[in-house]
Amino acid sequence: MNPLPPRRLLHAWARSVVFTVALSLLVALGVGDEGLALPAVVLGVAGLGLGLLYRLFPRGLHFAFGTATGLALYATLFVVLGRAQFPQAAEWSRPIAFLLPVLAFLGTVFWRRHELAEIAEKQEAESLDLLPYAARWLAGVSAVGIICFALPVNRLAPEWQALTLMAAMAVIGGVVAYSVRDVVRLLVDVALIMEELGSRARHLAVPIVAFLLMYALLVIGFGAAYRIADGLSHQALFHGPEGPIRLSYSDALHFSIATLSTVGYGDIRPADDGARVLASLEVLAGQLLLLFGFAEIMRSRRVRTEGPAGRARAAADAHVDPGGAAGHSPPPRGHGGH
């Protein structure tokens, strides 16, 4: 393994810490709709657990990055599925149940830290053929969830729901502790794959920005057209929840975005044939923009991956030979005219 230079290591460390803190804070605030106990536990686990990982594996920044992502997913699934199947479990039991798998994972990582150091600090993702092997522990965790949903535990008394919830999370903690090597491998690979995707996205910045500018131009152009048409009409061309309405410019932009993204109309919809035709034209323009934008992004990717040969091929695609366009090959040089 090639160690990172100190400056690059510091930059990577700062980026990983900022991401970890921001994601943990976002998730903690998101799950705090029924009290502050669980958000406090999430923040405490993020601070203590990820601080421990940074301490144990100072060069394993991908491991900490992947663990932060895994913690966010775990907290989300715990809240959603726990409240669905254990709705009356005592509130004191939820933080305890949440902590059981996390403490089992962190404790096992600390215990086997020398064995896991090589995996945690690697800089390249595993082959895709090894990912199913690394994720086999998910089958055991999923089995616990399926059993909890198959059994009518949501009909039990509150105290029994609390005990069942903690027992289920204890089993999950045991599975995670037993398969800690595979868990660490998967978390690191997820982080490495995310970083690779981010690196690829940076190379596509120019076509992406161009696409966004064209998208904004369509939104503004059609939004202004809707506003002008409605202002010049004697009758309102659009309806709202309470009947005909006159569009403001912000309303027109909202309607233009809803039309271009084809998400369906909500509080504003066209009530005139002319407005419907204009909206149809905007949908068509949006689909064409999507096609051309995708083609440009793929062309840029080909140019980057193929080097000079890709650039030459892209230039040939962009400038069509008039003779070729007409269906006739140009005459070879030296055998031309009379």
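Just so it is clear, glycine is given a Cβ too, placed from its N, Cα and C backbone atoms.
Because TrEMBL annotations are produced automatically, they should be read as predictions rather than curated entries.
Over in TrEMBL, the protein carries these features:
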- 329-338: compositional bias 'Pro residues' (COMPBIAS)
- 218-298: domain 'Potassium channel' (DOMAIN)
- 308-338: region 'Disordered' (REGION)
- 12-29: transmembrane segment (TRANSMEM)
- 36-57: transmembrane segment (TRANSMEM)
- 63-84: transmembrane segment (TRANSMEM)
- 96-114: transmembrane segment (TRANSMEM)
- 134-153: transmembrane segment (TRANSMEM)
- 160-180: transmembrane segment (TRANSMEM)
- 204-226: transmembrane segment (TRANSMEM)
- 277-295: transmembrane segment (TRANSMEM)
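Distant neighbours of the transmembrane segment (36-57): 13, 17, 20-21, 24-25, 27-29, 63-64, 67-68, 71, 75, 79, 91-92, 94-95, 98-99, 102, 106, 109-110, 113, 116-117, 120-121; these residues of the same chain sit at least 6 beyond its ends, with a Cβ under 8 Å from one of its Cβ atoms. With Cβ pairs under 8 Å as the measure, the transmembrane segment (63-84) is packed most heavily against 96-114, out of 96-114, 204-226, 277-295. If you look at the transmembrane segment (134-153) against the transmembrane segment (96-114), you find fewer than three C-beta pairs under 8 angstroms, all six or more positions apart, and that falls short of contact.
For the transmembrane segment (160-180), the partner stretch with the most Cβ pairs below 8 Å, chosen from 12-29, 96-114, 204-226, 277-295, is 96-114. When Cβ-Cβ distances below 8 Å are used as the criterion, the transmembrane segment (277-295) is approached by residues 207, 210-211, 214-215, 218, 222, 225-226, 229, 256, 259-262, 270 of the same chain, each at least six residues removed from its ends.
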